[in-house]
Amino acid sequence: MDERRSARRVGGRRAGRDGQPVPPATVARLPGYLRALQATAAEGAVLTSSDELAARAGVSPAQLRKDLSFLGSYGRRGVGYDVAHLREQITVVLGLADVRRVLLVGVGNLGHALANYAGIAERGFVLVGLVDADPAVVGTTVAGLVVEHADDLRAVVARTGATIAVLTTPASVAQRTCDELVAAGVVGILTFAPGALRVPDHVDVRTVDVASELQILAFHDRARSAGGGVS
């Protein structure tokens, strides 16, 4: 995932231990730790070591311990981390203690897949609305929700109370749609449209650019084939 926010939105830190800011790089790793803890809990474990948790999350034990120190979690020597307590800490820091309402804008093939993705609900989010501009799609039911017209976007946001939007529209209308979402009160946007979105400072944008990620993989593949490496 591209970790750019937008041309005008950089940084922004969530409070951790004693209200101190958690570095953005650490925040980006917290969902992986939470996922690893959920898998650990599913196996019936009550405690876990930094080595075990780091292996599940794909990071080094030292990195894990440093990240968790921002939350005030140091574990107990010879004992490890309390799985339930650490899950609760990360959940609170990520802002998942309260249900987050999500609106999906753009119900094409990708939008269909995202609307039916069970992981959204499993992570504490509720999909509350679907919006599209295609008359052939408007009025159809996807994942138990009726697709509403893009012309009614602001009204849908107001009615559903959505504060986060997932944007899968064509790039040509992404900025305009983004502007409408912001005007309606949305403060977080996950966009799959290529290119940076311009937003006010109080709005966070996350960009998922699949083509760019493939290009990065192609670079690493070429480097391996050439016998080189990446510095």
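Keep in mind that glycine also has a Cβ here, set from the backbone N, Cα and C atoms.
Remember, TrEMBL labels are computer predictions, not curated facts.
Keep in mind the model is a prediction, meaning the values are calculated, not measured.
In the DNA-binding region (32-71), helix, strand and coil residues by DSSP number 28 helix, 2 strand, 10 coil. Annotation comment: TrEMBL describes 32-71 as DNA-binding region.
Neighbour density for Gly108 (NAD(+) binding site): within 10 A of its CB lie 13 other CB atoms from the protein chains shown. Annotated NAD(+) binding site per TrEMBL: Gly106, Val107, Gly108, Asn109, Leu110, Gly111, in sequence order.
Positions annotated as compositional bias 'Basic residues' by TrEMBL: 1-14.
Residue counts for the domain 'CoA-binding' (96-196) under DSSP (helix as H, G, I; strand as E, B; rest coil) come to 36 helix, 29 strand, 36 coil. Positions annotated as domain 'CoA-binding' by TrEMBL: 96-196.
Sequence annotations record features per position, and here TrEMBL assigns region 'Disordered' to 1-23.
For the binding-site residues Val107, Leu110, counting C-beta atoms within 10 A of each C-beta gives the highest total at Val107.
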